[in-house]
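This report concerns only the one structure given below.
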Amino acid sequence: MPEKIIRVLIVDDSAFMRRAISSLLEDENDIKVIGQAKDGEDAVKQVEDLKPDVVTMDIEMPKMDGLTALKIIMKKNPLPVIMLSSLTEEGAKATLDALDYGAVDYIPKNLSNVSLNILKVKDDLISKIRAVTANKVIYKVKPSFENHDNILFKSDNNKTKYGEDITAKTLYNGSNNNGNSNSNSNSNIKPNIGLYAKKEIVAIGSSTGGPKALQEVIPLLPADFPFPLLLVQHMPKAFTGPFAQRLSGISHIKVVEAEGGEIIKPGVAYLAPGDKHMSIRRDGKDGVRIFISEEPKDLINRPSVTVMMKSVAEEYHEKSIAVMLTGMGSDGLDGMSAIKKYGGSTIAQDEATCVVYGMPKAVVDAGVVDKVLPIYKIAEEIIRESK
């Protein structure tokens, strides 16, 4: 018998979907479906009564939709919620809203062939249920990002200048971690002589919990930040464009979905498009150009953090800053190892502020991280190292 049974509540207005999801989970000896809700109102009540460990939540439902239910649950009984979302522009927007409201992750569903899609997402769903219940993080709405139309950062009067002292504590009052590099568990990590080399680029990788983590890092960078940034967030192709627009709308710097062929510019963050790898190469005297490709196809993740970071290591050597944020699995380990080998600076998000301590743990355990920091100190560190 497993030490702990993960108790799951399934919320969907489709009886077929409720049965299908339940059947996917019934063979797992550490997961138990303790209830099924047919709409948002029912979900709010059952969360109150049954106290599940995790909820799977549909978005479009009668009486009360998933977003409304999510906001109520996060206010009254915060817990990990995984959204089921359609691969459409509307579905992407609703899912990004859900992540802002406190959902920890999502499972894309293909409405054109639900039966086949459910079977395809089985392993992903089970892995995410286990991962999001393993970390004891606080699930809550970040007040600074509730209203994207009236966000503080959109005011020209609030533009932060490069070199000013900023802190993310104005946005996040989470862990009391003092942010010292190399905590006791990471004392074997060797200092990096490349820490003192002049930097020219920032590479950031993230997965589960990444959208919220990126919203706690990118908006804190000043409008005249002197380097380009490359971002890889594990997302479907329908989601990366809307996410780039949303992140750009709350940031000083410009955030765009990479198209391929463009020359990277200072003060611009390039987000890898879903289902494609992003890498960079020097193009003669023109500068450094982005390349988008489906190759290699044999990697678990596409886009891949490792593909992006390896290309950064090859082109920038010790002049790079690599950051690993919350995420499931170990994508990015080989990429950050390459940057570390060339003498670049490496930073990982700490366990206490991760939704899933997978990707950061992989690089920390491998001894390729210079500094382990809570999420609210990472932007500060990037700015400090870029001066």
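For all residues, glycine too, the Cβ spot is worked out from N, Cα and C.
Per TrEMBL, the feature active site maps to Ser207, His234, Asp331. Residues or ranges marked as domain 'Response regulatory' in TrEMBL: 7-124. Summarising the annotation, TrEMBL assigns domain 'CheB-type methylesterase' to 195-387. Per TrEMBL, 4-aspartylphosphate is recorded for Asp58.
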Item to check | Spatial separation of the residue listed as '4-aspartylphosphate' from His234 (active site) - C-alpha basis, Å | outcome: 21
Item to check | Rounded Cα-Cα span from Asp331 (active site) to Ser207 (active site), Å | outcome: 9
Checklist entry - What is the three-state DSSP composition of the domain 'Response regulatory' (7-124), stated as helix, strand and coil residue counts? => result 56 helix, 28 strand, 34 coil
Checklist outcome for this item: Counting every protein chain shown, other Cβ atoms within 10 Å of the Cβ of His234 (active site) number 24
Checklist outcome for this item: Taking only the CA atoms, the spacing between Asp58 (4-aspartylphosphate) and Asp331 (active site), expressed in whole angstrom, is 28
Item to check | Which same-chain residues, if any, lie at least 6 apart from Asp331 (active site) yet have Cβ under 8 Å of it | outcome: Gly205, Ser207, His234, Leu299, Ile300, Asn301, Ser304, Val305, Thr306, Met359
